[in-house]
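Student: My structure is below; once you've seen it, I'll send some questions.
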Amino acid sequence: MPADVKAAQSSAGDSRPGERDKALDLVLGQIERNFGKGSIMRLGDASRMRVETISTGALTLDLALGGGYPKGRVVEVYGPESSGKTTLTLHAIAEVQKRGGVAAFVDAEHALDPVYAASLGVDIENLLVSQPDTGEMALEIVDQLVRSAAVDIVVVDSVAALTPRAEIEGEMGDLAVGAQARLMSQAMRKITGNIGKSGCTVIFLNQLRLKIGVTYGNPETTTGGNALKFYASVRLDIRRIQTLKRGTEEYGIRAKVKVAKNKVAPPFRIAEFDILFGRGISTLGCVLDLAEETGVVTRKGAWYSYEGDNIGQGRDNTIGWLEQNPEAKDAIEVLVRQKLTEGSEVTANSMRPLAAAARSAAAKPSAKTADTDKKLVADGAA
């Protein structure tokens, strides 16, 4: 080995940690002077370790997301028509406004119902609303709102309605292949960095389309190309799985949300909750579901019981009891949150199987099973 190489390796090995630290501090200071404070930082800084969240309005979905929508990130919510996408985001807006935050709604579909939004708890007097003419206008408005650092949440409804200017100015039937995908790709490159710096959460609602000629696998895809899929930190797939009825009257739907992507918590979790027509997400229903799964409320047959007392026959009657007894409801919710904080087995990976297991465990055992259990207890005592 040449002597100069040996000398270089020796000098590199003999360099003192103090000198390396000085060199690192020097280059970090130079980078911050050139590009601004915060352009480079240590990942372990206390201000960067924990990602703050915004509540979704559904306790079960908050659990599945690891706390709620992450601040300073892009979120995509997609699903078929009438599945609860807009309702979900209006609840997020209401939660932000309750805490004194500022919310904006970019209504590209021109379909926002102020009366319905107000019924969900949205302060429509202070809600910023834009109904843009083109997709470029909508995304430029989003970018300016984000860069202001004065807005906490921006909702875009929806990506499918972000029509490029060239398509609007052209004639009906003209082909504009890939125009919307190029628009979204350029916008996401520009907006994402500003979103992280400002701490604003931007939620894009999206529609489903079917791929042509797909024989195997899922033929469903979202509009606007692939850029949003990559830039989104959280992607939620919401589906309508049941229609809630009282007799022949329909009063709501049962929604199921799958966390298709999550960069800030474990993905692929599933949450279910009720959406009541004209009232939005049933918070009492979420509390009852988690109370049953954590064992705070037990169910035998059709009866729900709390602290040994029957509180309602059937789910609807039990929810009515919780509504009439707010103190008991608050106590149950506190116990549920304590169990979840202590690391309960409920992880929201699949809410329905856990509930089924709890019901089967609470069911009355057969005589043969009871005899077996007695034998096992006797053997354990021996």
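Backbone N, Cα and C atoms are what each Cβ position is placed from, and that goes for glycine too.
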Student: In Swiss-Prot, one of 176-198, 222-244, 360-382 is tagged region 'Disordered'. Which stretch would that be?
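Tutor: Matching range for region 'Disordered': 360-382.
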Student: Compile a sequence-ordered list of residues in the same chain as THR86 (ATP binding site), six or more apart from it, whose Cβ lies below 8 A from its Cβ; state 'none' when nothing qualifies.
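Tutor: Spatial neighbours, sequence-distant, of THR86 (ATP binding site): ALA111, LEU112, ASP157, LEU205.
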Student: Please compare the binding-site residues GLY79, PRO80 by how many other CB atoms fall within 10 Å of each one's CB, and tell me which has the fewest.
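Tutor: Each of the binding-site residues GLY79, PRO80 was scored by Cβ atoms within 10 Å; lowest is PRO80.
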Student: Which residues, same chain and not among GLY79, PRO80, GLU81, SER82, SER83, GLY84, LYS85, THR86, have a CB within 8 angstroms of the centroid of the CB atoms at the recorded ATP site?
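Tutor: After dropping the recorded site residues, what remains is ILE238, ARG240.
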